[in-house]
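K.L.:
Take a look at this one; I'll ask things after.
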């Protein structure tokens, strides 16, 4: 299985979307002697020319505020690091910014100090509310859209695209809930990624997921050139980081919070790599 199932965190994102030297991933991850060779091997001889991001919040309701903050935080970061809105597919299952319980209307924050409004600065939501379904997510990845689906709702990647797929919500062993009404399984994800590979819809793919038992969601992936990481191992829960007492809800999850804490120091000119993170 061509996966990296350790906590590599978000420096892997930097490699995909800032550095230009990539390669095929060749074997499992082994500590300590083979780690440099494996990491170097994954990211050399790349045909990479463009970047895409699919960012998915699968949770509804006010008490899941943090999940929307998670995905909007990643949305803000990928835009800051150079991916335009035209290459980002943003799926939000709920609109907490306009929820009547939000005393800071038309805003979403990921910290209790409320320093950065994640919602108010040129946000472009491609799938909203009840459009965020398992069917639409799989159609998006596999390019099996209905004929009248607009271009803005399509992932127009190719075999030279590096694709980030980030998901956040409530899950369990080998499933992730969509809006408390349906579930996507690890087999569904694995099959969708394989279809993407067969249809030449990515060059390399980074799959990140922030949910309980996150690693179980990529346990069935078998397609090449995929790097996967998550907030928890099978059998483990994931947790929120902190709450805003005025909002009365948690505003971000730990996994996403600490990734962002690192990424805030990264710019388009940064030379930080996955190898640097693992070795240090």
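Backbone N, Cα and C define each Cβ position, glycine as well.
Not my notes, these are from TrEMBL:
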- 170: active site (ACT_SITE)
- 212: active site, nucleophile (ACT_SITE)
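Situate these features within the shown structure.
P.N.:
DSSP assigns residue 170 (active site) to coil, not to a helix or a strand. Annotation for residue 170 (active site): spatial neighbours 58, 59, 64, 67, 176, 177, 180, 211, 212, criterion Cβ-Cβ under 8 Å with sequence separation of six or more.
Secondary structure from DSSP puts residue 212 (active site, nucleophile) in coil.
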K.L.:
For residue 212 (active site, nucleophile), list the number of other Cβ atoms lying within 10 Å of its Cβ atom.
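P.N.:
So the Cβ neighbour count for residue 212 (active site, nucleophile) comes to 20.
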